[in-house]
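I have placed the structure first, in the form of structure tokens, so that the comments after it can refer back to it.
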Amino acid sequence: MAHEHGHEHGHHKMELPDYRQWKIEGTPLETIQKKLAAKGLRDPWGRNEAWRYMGGFAKSVSFSDVFFKGFKWGFAAFVVAVGAEYYLESLNKDKKHH
């Protein structure tokens, strides 16, 4: 059965990033490689961990980053909810419930 009209179902070659873009120079991995070299050893897979020290991954996450991540939007939603509650309560204030 032939696939027609652009129904390829995602069966195409995956694009992989070039391994040479990841460098260990200037990262803690460089120190590890030097310590291993002093013992006559080498980590051939060290470059595979270099991405952890580049770009957005380079910044370590602090407790306050985790705790306050959605705080401003959560607080805004809280203020809107409280405002709506007071507004609806003021509409029903004239009606007395027995």
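Each residue, glycine too, has its Cβ placed from N, Cα and C.
Residues annotated as N-acetylalanine in Swiss-Prot: Ala2.
Sequence annotations record features per position, and here Swiss-Prot assigns pros-methylhistidine to His5 (among others) based on experimental evidence.
Feature annotation from Swiss-Prot assigns pros-methylhistidine to His7 (among others).
For His9 (among others), the entry in Swiss-Prot reads pros-methylhistidine.
Taking Cβ-Cβ distances under 8 Å and a sequence gap of 6 or more within the same chain, the neighbours of Lys23 (N6-succinyllysine) are Arg47, Ala50. The N6-succinyllysine annotation in Swiss-Prot covers Lys23 (among others), and the record cites similarity to another entry as its basis.
The N6-acetyllysine annotation in Swiss-Prot covers Lys23 (among others), and the record cites similarity to another entry as its basis.
The Cβ of Lys34 (N6-succinyllysine) has 9 neighbouring Cβ atoms from other residues within 10 Å, across all protein chains displayed. Under the heading N6-succinyllysine, Swiss-Prot lists Lys34 (among others).
Residues or ranges marked as N6-acetyllysine by Swiss-Prot: Lys34 (among others). The DSSP secondary structure for Lys34 (N6-succinyllysine) is helix.
For 66-88, the entry in Swiss-Prot reads transmembrane segment, with the evidence type sequence analysis.
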